[in-house]
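K.L.:
Just passing along the structure, written as structure tokens.
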């Protein structure tokens, strides 16, 4: 019975591993990246502009947000 349980557990693990949806980001794409070249990302208008910039530039159409970094700096980051 323990051998059967081990085989079933291994089979279930394989099913889970192969069913995971992998998202890749490429360096030249806006998606999944932070963009310092976007400029300031401090006000509500900047957040709206960042979101629109990512919506227009990413194929996934998920938008973006102003991500906080060390020192309190915020930069535009597009969702994966």
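Just so it is clear, glycine is given a Cβ too, placed from its N, Cα and C backbone atoms.
Per Swiss-Prot, disulfide bond is recorded for 31-80, 41-66, 50-76, 54-78, and the stated evidence type is similarity to another entry. According to Swiss-Prot, the feature signal peptide maps to 1-25, an assignment based on sequence analysis.
For the listed features, I'd like the structural context: burial, neighbours, distances.
P.N.:
Within 10 Å of the C-beta of residue 31 (disulfide bond) there are 19 other C-beta atoms, taking all protein chains into account.
When secondary structure is read from DSSP and collapsed to three states, residue 66 (disulfide bond) falls in the strand class. Residue environment of residue 66 (disulfide bond) contains 20 other Cβ atoms, counted within 10 Å of its Cβ in all protein chains.
For the recorded site, residue 50 (disulfide bond), the DSSP three-state label reads helix.
Neighbour density for residue 78 (disulfide bond): within 10 A of its CB lie 26 other CB atoms from the protein chains shown.
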K.L.:
Measure from the CA atom of residue 50 (disulfide bond) to the CA atom of residue 78 (disulfide bond) and give the result in Å, rounded to a whole number.
P.N.:
8
K.L.:
Long-range same-chain neighbours of residue 54 (disulfide bond), Cβ under 8 Å, sequence gap at least 6?
P.N.:
30, 31, 62, 63, 64, 76, 78, 79
K.L.:
Indicate whether residue 31 (disulfide bond) is helix, strand or coil by DSSP.
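P.N.:
Where residue 31 (disulfide bond) sits, the three-state DSSP reduction gives coil.
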K.L.:
Specify the secondary structure state of residue 78 (disulfide bond) as given by DSSP, simplified to three classes.
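P.N.:
For residue 78 (disulfide bond) - judged by DSSP and reduced to three states - the answer is strand.
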K.L.:
What subset of the disulfide-bonded residues 41, 66, 80 lies within 10 angstroms of residue 50 (disulfide bond), using C-alpha positions?
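P.N.:
Neighbours among disulfide-bonded residues, in sequence order: 41, 66.
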